[in-house]
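J.: Feature list, courtesy of TrEMBL:
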type: TRANSMEM; residues: 21-45; note: transmembrane segment
type: DOMAIN; residues: 23-482; note: domain 'Major facilitator superfamily (MFS) profile'
type: REGION; residues: 103-123; note: region 'Disordered'
type: COMPBIAS; residues: 110-121; note: compositional bias 'Pro residues'
type: TRANSMEM; residues: 170-195; note: transmembrane segment
type: TRANSMEM; residues: 201-218; note: transmembrane segment
type: TRANSMEM; residues: 230-250; note: transmembrane segment
type: TRANSMEM; residues: 256-277; note: transmembrane segment
type: TRANSMEM; residues: 298-318; note: transmembrane segment
type: TRANSMEM; residues: 338-358; note: transmembrane segment
type: TRANSMEM; residues: 370-392; note: transmembrane segment
type: TRANSMEM; residues: 398-417; note: transmembrane segment
type: TRANSMEM; residues: 424-443; note: transmembrane segment
type: TRANSMEM; residues: 455-477; note: transmembrane segment
type: REGION; residues: 500-524; note: region 'Disordered'
Amino acid sequence: SRPSPRAMSQHWLATGRASPRLVLVVVFVALLLDNILLTVVVPIVPTFLYTTEYEGANSSAGPALPEPTPAAPRAPPFSSVLSYFNNATVPVWGFTSAVELPNGTGSSPPGHPPSAPPAPPRGCLEGGEFLAQENTRVGLLFASKALVQLLVNPWVGLLTNRIGYHIPMFLGFTIMFLSTVMFAFSGTYTLLFIARALQGVGSSFSSVAGLGLLASVYPDDSERGSAMGIALGGLALGVLIGAPFGSIMYEFVGKASPFLVLAFLALLDGALQLCILQPSRISPESTKATPVSTLLRDPYILVAAGALCFSNMGVAMLEPTLPIWMLQTMCSPQWQLGMAFLPASISYLIGTNLFGILANRMGRWLCSMIGMAVVGISLLCVPLATNIYGLIGPNAGLGFAIGMVDSSMMPIMGYLVDLRHTSAYGTVYAIADVAFCMGFAIGPSTGGAVVRALGFPWLMVIVGVLNVAYAPLCWLLRSPPATEERMAILSQECPMQAKSYTPKEALRELPLTEQSDGEAENAG
């Protein structure tokens with residue numbers, strides 16, 4: 001007799017749960033959606049805040065200029081966030097001021113009646129002072145995600161050791177879905193800030209649990225390496241399509257549209273997780289890792305973490321400041337703000353996959369040293385651009401170079417604990433992820449303030465020089481010494497290497513492994 005449809009579906013679910021490939025699909029989709037949401041807001045937030053707050057304030061304040069006193073009740077709902085709009089000296093379309101845009105565009109002769117302000121030439125935005133203040137606020141908004149992730153990551157690591165990966169993974173999906181919906185319907189800076197911080201919590205659960213889950217279902221090192229490469233390809237792909245997708249949807253459909261599309265895709269991912277994973281199952285891990293305090297005292301690990309932090313800080317500073325600088329100097333339409341990041345994302349995707357293999361042959365230390373130098377030079381070239389086409393070269397170089405650093409430093413982190421500590425990777429990849437998040441927390445939050453004080457070109461010079469100056473430190477990772485007791489342990493373990501983790505060879509096969517090897521330890 002033929003099996004019933006219910007029995008067939010149960011059989012399909014059982015085989016699905018046993019299939020590492022379907023687990024890989026779940027993790028790939030989770031990382032993809034998380035990173036689309038990460039970058040989709042980059043082109044949307046600056047123009048959305050400008051439209052709602054600056055233009056909103058001007059439209060309400062314009063007719064009230066002859067009688068300044070009644071202006072306060074007519075202030076827009078956003079005035080609680082930006083109280084400097086509530087006084088009689090509200091900047092209006094057509095005003096001239098010492099703080100106008102650097103290239104002088106957008107100013108008009110004084111004395112124009114507020115009722116008929118002239119259109120800014122070539123679509124340039126006015127309000128230089130507002131844009132300068134917005135740099136800081138947008139930077140803090142973007143940094144909040146990394147900052148929250150920084151705080152939550154260690155706790156998620158402990159949680160996965162206690163209850164396994166399935167429940168944290170599903171928690172990550174739930175939080176990310178809430179964050180996406182909140183982004184779609186947020187109308188104020190405060191709500192956008194909360195949504196971004198909430199995304200940091202979801203992202204921490206998804207990335208740590210997802211990569212740990214992969215490491216546990218792929219015990220073979222070569223398979224694990226290629227699986228991690230595919231999953232982190234989802235991360236790079238999310239970064240790649242997020243900004244262009246956001247800017248085009250915002251320009252032609254509306255602010256809520258990209259977030260609603262993402263929310264729908266997140267629901268599909270949640271359904272997939274319910275089918276393939278078992279979010280109710282508790283499966284604790286029992287692996288003893290080296291204490292974080294011990295690893296933080298290792299100078300070689302600190303050099304590797306510093307390289308990750310500073311190289312990623314470059315692109316993290318560009319995210320909030322480049323769109324605003326483009327609005328000020330290039331008068332770019334909204335769709336171009338996201339497209340400017342496309343060359344960086346494509347070259348990052350190429351760089352991570354290419355140097356995952358190449359770095360092993362040329363030496364990971366050399367690869368990361370060259371990468372950091374190229375990051376610095378690319379950043380120095382960004383302010384030389386006069387239009388979006390001038391940004392293609394510097395941004396492509398930046399993405400490619402960060403790909404070189406990431407794909408070299410992640411395996412080095414695992415190699416260092418193999419060589420100098422116990423072969424348990426959770427804590428060292430927690431440090432790697434913290435370094436990564438620090439770049440994305442410090443970068444945007446300080447970047448906006450530096451732009452306001454010194455200007456965008458000087459910000460690029462400071463970060464560029466910092467990367468070039470740090471590059472020679474990568475030479476220290478050329479041949480790090482092993483500790484004596486570790487050498488003794490390794491020599492005893494040699495016969496076991498066939499079925500356990502092969503420290504030197506296997507790690508070098510992993511392309512881009514942010515946290516990946518770290519969670520490999522949990523699989524052990």
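Any Cβ shown, glycine's included, is placed from N, Cα and C.
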J.: Can you work out which residues elsewhere in the same chain, 6+ from the ends of the transmembrane segment (256-277), have a Cβ less than 8 Å from its Cβ atoms?
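T.: Those are 13, 16-17, 22-23, 25-26, 29-30, 33, 36-37, 40, 44, 166, 169-170, 173-174, 176-177, 180-181, 183-185, 213, 245-246, 249-250, in sequence order.
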J.: Which of 21-45, 230-250, 455-477 has the most Cβ pairs closer than 8 Å to the transmembrane segment (170-195)?
T.: 21-45
J.: What stretch of 230-250, 298-318, 370-392 shows the most Cβ pairs under 8 Å to the transmembrane segment (338-358)?
T.: 230-250
